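Written out below as structure tokens is the structure these notes cover.
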Amino acid sequence: MADEKIPSEGGMVRIALLGNPNTGKSTLFNCLTGLRQKVGNYPGVTVQRKVGRMVYGKNIAEIIDLPGTYSLAADSPDERVVVDALLGEMETVERPDLVLFIADATNLQRNLFLAYQTAQLGIPMVVAVNHWDSARKRNIRIDMKALGQALGVPVVPISAARAEGITELKEVVAGALVSKPHMVEAEWPKSVEAALEAARSALPESVQPKATRAVLHRSVFDEDRSFFVRQGASSEEAGNAIEAGRQKLFKGGLNPGNAETVLLYRQIKERIAPCIELDTTRTGSGSESIDSILTHKVWGLLAFLGLMYVVFQSVYSWAGPFMDLIDAGKGLVQDQVGSFLTQWPMLQSLATDGIVEGVGAVVIFLPQILILFFFITLLEDTGYMARAAFLMDKLFSWCGLSGKSFVPLLSSYACAIPGVMATRTIQDPKARVITILLAPFMSCSARLPVYVLMIGAFIEPRYGAAVAGASLFAMHFVGLLVAMPFVYVANKYILKIPPQPFVLEMPSYQVPKVRDVLMRMYTQGKEFVKNAGTVIFAITIVIWALLYFPRSEELAEQVRLEYVANAAAEKGMTTAEVEALLEADEESAAALERKIDSAYIEQSYLGRIGKTVQPVFAWAGFDWKITVGVIASFPAREVIISTLGIIYSLGGDVDEESGDLRDVMANQKWQEGERAGQPIFTIPVVSAIMVFFALCQQCGATVAIISQETSWKYGVFSFVFMTTLAWVAAVLVYQLGSLL
Amino acid sequence: MKTLNDLTQGQSARISCYMPRFAAARRLMELGLMPGTTVRFVKAAPLGDPIALEVDGRHLSLRRVDAAQITVQAI
């Protein structure tokens, strides 16, 4: 992950945008910053960081969009980031000069809980009350003036979705940067004050001056040692100090586990309730009547399945033409570039098979990613995503996942890369990691050519179309069925993180903003190209080099002499006549060319590696040619088709429907060993190849994206684990299949 | 003793307290499930779990295993 250094040129003011999830934070962020925004991750954690610039008058301020959170009590990495950023405890992220707090007018009391917690941190604040219009529609009346007085900071009603109140908000923010208004802090009973003092005095003397009220609050209430530890206390000293504070709370008749929550809520009620007039006659909202269908026992499930079908059919079929176009464009560029460089074969190969191929391998994923994120943003912004998680949770909870895993996993059937990126909607870090590791087991569309080739060439001719169809269907579930037990075990015995409660707020249904949807597609696409793209590109070049080198003229000459001698013997011609034929007949020349390419592959570094590794794959019935194909297709599974084409001297332009390739493969026989003369591609071997490809992490792009979204350790783990599993399964299939 | 998990569709109840040593208590309170708050059982998910509650005009969904840790008084 590139750690973009967010520029903080001399004196640029920093504003942190803070609020609960689903309050319209992203929409407000987009309103304030437009296209002047950057996406990255916080250093060291995979929490997304959005930073943008707001122009007001002649000035520019930097706005950091903090993750949506309900509380400063940090349980998840998202919440950790919020607290650390606000306390100025995060390296490279400076403490903000102002907090722009966004609250939902339809749920003000709960939203302001977080504002009251933030008030303790002593940062100037402005409160924007969003969804002003829908609150009015629901007959919720808020006295803004009284609210402003109660909170002690400016309060601005806005409707971010309609861009109403944004100009006023900017003005108020500009004013607040000068006047620095602080929100009225909650009043704490004596026992809390005593507890904070007890904790402070129990700290080592060197740490005491740094233990501000804000830090003491968070440490004692959240039982969080990290603040004191960062200031130089040992973990034990920090623990003792916190324990001293909590003991005092307990003696004062407070439950340390929820004292802050209870006390704050009580004060919010007292202070805020007089400013709000609720219409209590209201029975059920518009959202509830939509939900009577969309979360209905029968209609809800049907609607869900229908919707998912539409989404993934669209990802699959809409992306198709674009991907074909990119592929065609790639071919065109390869021809053009190739024709310039015919004088320098190595440069030609590097440019066409290395660089252009590598760029193509990155760009080809873009249509799928953009279309999928179009739908994900739509599902999230309408409020349906929470309903989908509600419907599906039961199916996943038994093995430690939640309903939120459904969309990423289903989307991985098109391609694991957007699927892994889609797991960002999962907040529980454990569930997110498991879902990411599970994603490549879904049978993505790149495995399809392998299945089609093998089933079409060997299963269909022998067992008929019905069995062929059934095998193709079965191949799509092998990964899921094999992986599920591992998920269960991993969750139960390896990732022993205490389970978080599944609490989901179901937001009101809303019409999404086109601008937000486009913005999300743009930023996700850009991020993919920049981060995963570089790795995919690099891997493609490395594999190209391994396949290209070493390349000696003598080998080509040797193959040529053999070819001429063989042709002469076959056709009863003199070698001179064959040479003349080669000059005149393009087809013969091309056949010789393919023989030379095939010979080059055999003695390339990759060919040698294939031959060295082959004994390991012999257990699964693979010969060295299949093994080279397996290794060469590390950057992308579908490469196996063209690699086999080159190895079998058919050229790289074959596809899975190619009759030539099927015939040649069917005629391959073992040259030596005990099975000499027997066909290589038997049903057990074909099944082993398919199972291997179904389970193997044979996709550099997925490894790259997993490493980027989690850490490189998970990327390596995924690769090693899946490859080992694939090998074991392939060996089992082959050995058991051979017994039958 | 009745818990949130025992409510039937459409029934309302007032939250009394949380079971001791229920680790997620604080989190749920922060989301509005404070003792004294009135909640309405909206419906269970099609597969029986999780359940949807209305709290202060908002819909919250939680799993039955967590709902069983919150005692209520029917009203």
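Every residue, even glycine, has its Cβ placed from backbone N, Cα and C.
TrEMBL labels come from automatic prediction, so no person has curated them.
Residues or ranges marked as domain 'FeoB-type G' by TrEMBL: A:12-179. Each residue in the domain 'FeoB-type G' (A:12-179) has a pLDDT score, and their mean in this model is 89.
According to TrEMBL, the feature GTP binding site maps to A:19-26, A:65-68, A:130-133, A:159-161. In the three-state DSSP scheme, A:Asn130 (GTP binding site) is classed as strand. Counting only residues at least six positions away in the same chain, the Cβ atoms of A:Thr23, A:Gly24, A:Leu28, A:Ile102, A:Ala103, A:Asp104, A:Ala105, A:Ile158, A:Ser159, A:Ala160 sit under 8 Å from the Cβ of A:Asn130 (GTP binding site).
Around the Cβ of A:Asn30 (Mg(2+) binding site), the same chain contributes A:Gln37, A:Arg515, A:Asp516, A:Met519, each under 8 angstroms and 6 or more positions distant in sequence. Following the DSSP three-state reduction, the secondary structure of A:Asn30 (Mg(2+) binding site) is helix. Taken from TrEMBL, the feature Mg(2+) binding site applies to A:Asn30, A:Thr33, A:Gly34.
Under the heading transmembrane segment, TrEMBL lists A:298-319 (among others).
Residues 311, 314-315, 318-319, 322-323, 326-327, 330, 333-334, 337, 411, 414-415, 417-418, 421-422, 517, 520-521, 524-525, 528-529, 532-533, 536-538, 540-541, 544, 635-636, 701 of the same chain, all 6+ positions outside the transmembrane segment (A:355-375), place their C-beta atoms under 8 angstroms from a C-beta of that stretch. Taken from TrEMBL, the feature transmembrane segment covers A:355-375 (among others).
The transmembrane segment annotation in TrEMBL covers A:433-459 (among others).
The transmembrane segment annotation in TrEMBL covers A:465-490 (among others). Panel annotation: around the transmembrane segment (A:465-490), residues 398-401, 413, 434, 437-438, 440-443, 447, 451-452, 455-456, 459, 690-691, 694-695, 725, 729 of the same chain, lying at least six beyond its termini, place a Cβ under 8 Å from a Cβ of the stretch.
What TrEMBL lists as transmembrane segment is A:528-549 (among others).
Within its own chain, the coiled coil (A:575-602) is flanked in space by residues 547-548, 551, 555-556, 558-560, 563-565, 567-568, 628, 643, 646-651, which lie at least six positions past its ends and keep a Cβ under 8 Å from the stretch. The coiled coil annotation in TrEMBL covers A:575-602.
Look at TrEMBL and you will find A:680-707 (among others) tagged as transmembrane segment.
The transmembrane segment feature in TrEMBL is assigned to A:714-737 (among others). Sequence-remote contacts of a segment are chain residues at least 6 beyond its ends whose Cβ falls under 8 Å from one of its Cβ atoms, and for the transmembrane segment (A:714-737) they are 433, 436-437, 440-441, 482, 616-617, 619-621, 683-685, 687-689, 691-698, 702-704, 706-707.
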Self-check item: Three-state secondary structure, A:Gly19 (GTP binding site) (per DSSP)
Solution: strand
Quiz prompt | Interface-richest range of A:298-319, A:528-549, A:680-707 toward the transmembrane segment (A:433-459), CB pairs under 8 Å | solution = A:680-707
Quiz prompt | Inter-residue Cα distance where the pair is A:Thr33 (Mg(2+) binding site) and A:Asn22 (GTP binding site), in Å | solution = 19
Exercise. Could you work out which of the binding-site residues (A:Gly19, A:Gly34) has its C-beta surrounded by the smallest number of other C-beta atoms within 10 A?
Key: A:Gly34
Self-check item: Same-chain residues near the transmembrane segment (A:680-707), Cβ under 8 Å, at least 6 residues beyond its ends
Solution: 361-362, 365, 416-417, 420-421, 436-437, 439-441, 443-444, 446-447, 450-451, 454-455, 457-459, 462, 471, 475, 478-479, 482, 528, 531-532, 535-536, 539-540, 620-623, 626, 630, 633-637, 640, 665-666, 668-670, 714-716, 718-719, 721-723, 725-727, 729-731, 733-734, 736-738, 740
Exercise. Report the residues of the chain - excluding A:Asn30, A:Thr33, A:Gly34 - with C-beta within 8 Å of the mean position of the site's C-beta atoms, for the recorded Mg(2+) site, in sequence order.
Key: A:Phe29, A:Cys31, A:Leu32, A:Leu35, A:Arg36, A:Gln37, A:Gly52, A:Met519
Quiz item: What three-state secondary structure does DSSP assign to A:Ala161 (GTP binding site)?
Solution: helix
Quiz item: Relative to the Cβ of A:Thr33 (Mg(2+) binding site), which residues of the same chain, six or more apart in sequence, are found under 8 Å away?
Solution: A:Gly52, A:Arg53, A:Met54, A:Ile63
